[in-house]
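Pasting a structure below so you can have a look.
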Amino acid sequence: MENRWQVMIVWQVDRMRINTWKSLVKYHMNVSKKARKWLYRHHYDSNHPKISSEVHIPLGEAILVITTYWGLQTGERDWHLGQGVSIEWRQRRYRTQVDPGLADQLIHMCYFDCFSDSAIRKAILGQIVSPRCDYQAGHNKVGSLQYLALTALIRPKRRKPPLPSVQKLVEDRWNKPQKTTGHRESHTMNGH
């Protein structure tokens, strides 16, 4: 019998970002209790030698599994040191991979406070709007006009430490152009 390969999408992430993600998950599971239903599996709980950790997030009947890997093939850049993350949605025997934005939306649907359906009406009538949205990462694109109006009216609290975001975990911070402020342009470089 020949070998069968299974391909998975693994987002390349640097080690420090994975460590930050793990500590945020553990904090909100054990201290703040906002993610108390989540399950954290250490590397020694897995049979796979490349798995660093797994976070199982129940979403109703389904489970979102965020797996971190180590010892992977290094990337084309020096800082791609063989660390990665995969995001999988499981329900019974069905499994599929999801992107980080969708993962954050799925997490936000089941966990962390957001504006209630009656928040717009309450805001128009001048009543106190409660609860406020705690998980900004769950709204990955420009929201509805009502959501934008509510966020302008009720500023979200800055949480210390922040809630764990999958999109923030896999964000590519290496290939973004550097933003420099307060520096004048080099006239010799611009040809002026």
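Using N, Cα and C of the backbone, Cβ positions are placed for all residues, glycine too.
Since we're looking at a predicted model, the values are computed, not measured.
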Which stretch does Swiss-Prot mark as region 'Interaction with host APOBEC3F', out of 2-5, 14-17, 30-33, 130-133?
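Swiss-Prot lists region 'Interaction with host APOBEC3F' for residues 14-17.
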Cα-Cα separation of T96 (phosphothreonine) and H108 (Zn(2+) binding site), in Å?
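Computed Cα spacing between T96 (phosphothreonine) and H108 (Zn(2+) binding site) is 19 Å.
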Tell me the coarse DSSP state (helix, strand, coil) of T96 (phosphothreonine).
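Looking at the DSSP assignment, T96 (phosphothreonine) belongs to a strand.
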Which of T96, H108 (the recorded positions) has the most other Cβ atoms within 10 Å?
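When each Cβ's neighbours within 10 Å are tallied, H108 leads.
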Can you see whether DSSP assigns H108 (Zn(2+) binding site) to helix, strand or coil?
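DSSP call for H108 (Zn(2+) binding site): helix.
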